[in-house]
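Trainee: Dumping the structure here so I can ask a few things about it.
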Amino acid sequence: MAKQLSIPSATSGSKSHSLAWRPYYEMTKPKVVALMLLTVLVGMCLAVPGSVPLQPLVIGMIGIGMMAGAAAAFNHLIDRKIDGLMARTYNRPLPKGRVSIPKALTFAISLAALGFVLLYTLVNELTAWLTFASLIGYALVYTAYLKRATPQNIVVGGLAGAMPPLLGWTSVTGEFHGHALLLVIIIFAWTPPHFWALAIHRKAEYAKVDIPMLPVTHGTEFTKTCILLYTVLLAIACLLPVLVGMCGPVYLVGSTLLSCGFIYKAWELKFDDKPGLAMQVFRFSIYHLMLLFLVLLVDHYLWV
């Protein structure tokens, strides 16, 4: 019997080629970037009383999104060894060998460079440099140093992740404004309880790879207390836009309800021993931030 030759079909080759981009897309953390871009968009909209000019809106979103994706890719590169040891991240492209280190590095640098050039040439220099500073803050200061150096890593490093509303604001106006900084303060206060809830759930994994997250170094109960205190601090921060006349009653009602919900979930985490509460707090925090900025947007166009 003659041997049968296995010849790859054009269809299978095309399918394989079409899937080649997926690991690179995954390295940009698209869900995280999408939430971040929502806060950028709100920053843009709140910067002007009417409609946002088209060029800074479109190019700004693309450029900031590209540099945020690049920062995420650098995070994948720097954390590739510990990612391979953690259940949450072991299936990422680099630990699994779906992308080589040189290709991942080339991708991250190219994405960052293109995003920077777009912002610098078609938006404004201030936004380009602020976005670059955010990339350095997240990829190098937080991921490469703070994450491994101190249990306060996410508190200090959270500033880089809190910058997007300011980036959106400067994309449109080309200058700093106190109102934009209030939005930064909100995300800065939101970040620790968001990440600490996840860290409680993944405490054993962080301990395994010697990452000094707060639950690992100070214990779960102490971390739960900190989460509760930070949700109260966040609730106060969320009132600041109302106190300075930046927002109206729609935002006041919406933000108050969201703050009460977050405090309740944190209280439940602290004083209830039901399993799975940490991940409930983590998931609620994502919806909290998303809905809070949507309420900001609605209030702006109803109250302006």
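Each Cβ is built from the backbone N, Cα and C atoms, and glycine gets one as well.
Marked as transmembrane segment by Swiss-Prot on the basis of sequence analysis: 32-52, 54-74, 104-124, 126-146, 154-174, 180-200, 226-246, 247-267, 284-304.
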Trainee: Using a Cβ cut-off of under 8 Å, list the residues of the same chain at least 6 residues beyond the transmembrane segment (284-304) that approach it.
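Mentor: Those are 35, 38-39, 41-42, 45-46, 49, 165, 183, 186-187, 190, 193-194, 197, 238, 241, 247-251, 254-255, 258, 261-262, 265, in sequence order.
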Trainee: Is it the case that the transmembrane segment (54-74) and the transmembrane segment (154-174) touch, counting contact as three or more CB pairs under 8 Å in which the residues of each pair are 6 or more positions apart?
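Mentor: With 3 or more qualifying Cβ pairs, these stretches touch.
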Trainee: Under an 8 Å Cβ to Cβ limit, what residues of the same chain, 6 or more beyond the ends of the transmembrane segment (180-200), are close to it?
Mentor: 39, 42-43, 46-47, 154-155, 158-159, 161-166, 168-170, 206, 213-216, 220, 223-224, 226-227, 230-231, 233-234, 237-238, 240-241, 244, 246, 262, 266, 269, 278-279, 281-282, 285-286, 288-289, 292, 296
Trainee: Quickly jot the same-chain residues contacting the transmembrane segment (226-246) by Cβ under 8 Å, restricted to those at least six beyond its ends, or write none.
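Mentor: Sequence-distant neighbours of the transmembrane segment (226-246): 46, 178-179, 182-183, 185-186, 188-190, 192-193, 196-197, 214, 252, 255-256, 258-260, 262-263, 265-267, 269-270, 281, 292, 296.
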